[in-house]
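Inspection log for the structure reproduced underneath, given as structure tokens.
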Amino acid sequence: MKRSAVGSFFAGAHVAEAVSLAPLTTLRVGPVAQRVITCASTEQVVDVIRQLDAPAGGRGAGPLLIFAGGSNLVIADTLADLTAVRLANAGITIDGNLVRAEAGAVWDDVVVRAIEHGLGGLECLSGIPGSAGATPVQNVGAYGAEVSDTITRVRLLERSSGSVRWVSACELRFGYRTSVFKQADPSGSQPPAVVLEVEFKLDASGQSAPLHYGELVATLDATSGQRANPHAVREAVLALRVRKGMVLDAADHDTWSVGSFFTNPVVAPDVYRQLAKMVDGPVPHYPAQDGVKLAAGWLVERAGFGKGYPDGAAPCRLSTKHVLALTNRGAATAEDVVTLARTVRNGVLEVFGITLEPEPALVGCVL
């Protein structure tokens, strides 16, 4: 590590020491990192990670965390000697109907730029916090759209070899909130490859992608499968997200979260039929490639966990707007979050026999 009059540097990237990671995540929990290395360019990302991964790379014995927007992370408060690499390579380029975003680009900035250029396909994903590089990892989706609908290829740094290459979408094994990246590293703490850049192929007709999500279709007074003005779709999506506490607002503790903490479980058809016999009234469900997708929020509420649970002054509670969001009420720790998540997951399992899976990366902690 080199020092100069303007600070310390590692492989050309700026280094800060003894940095609290909590303010760098949307959940606002986490440890103090021994150092945070901020990479302002893709070249710095490659050089820094190659050097840290080398046998004598100067990383030390502590763990390594690679992150960008910090919107899908729960980092244990107890992690010691942590080196964090923060991706701040934020370039966005547009060539015809192709949009390329570097990993550290703010995701909503990518959506806005695409819409400003008359390109449709990303508007349903408006308002999602985080970075562009995180989107293919869990195949980010909302309101009837997923990034796998438009991703054509991803540029990667393969950590075992140090090589950089473009990988086509067909190699990424996209599924519901998953990809080859998540399948290789379920915890999100030791990725075998680092996303450097993502390319999207969008619709240059000036129309949105076809609308299928019922709540959004109704808001726009449209019909299922209809296309609309991407600007109008974006505004409708943002309004829906605000109502659910899913647009970041420093003054609103309902937004101090990782978004939906649990994915919607996909179960076998016979499991769905048994569930439908157990309860009064309809069970929200949707067709899925491998079975029937259930609504995790419905399961959570029917298991006895309502909005704002637990009542009182608990530092971590379910959002008052959306039961799938576990929120930091101002003084929560990662352990508080994990404890509540475990309580909810175990409660759903006890009532319905269904295990909910966490959506965020759990670094140094387990449910």
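Backbone N, Cα and C define each Cβ position, glycine as well.
Taken from Swiss-Prot as is:
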DOMAIN    29-205  domain 'FAD-binding PCMH-type'
ACT_SITE  R177  active site
ACT_SITE  S260  active site, proton donor
ACT_SITE  E359  active site
Count of other CB atoms lying within 10 Å of the CB belonging to E359 (active site): 19
Assigned element (helix, strand, coil) containing R177 (active site), judged by DSSP: coil
DSSP state at S260 (active site, proton donor), helix/strand/coil: strand
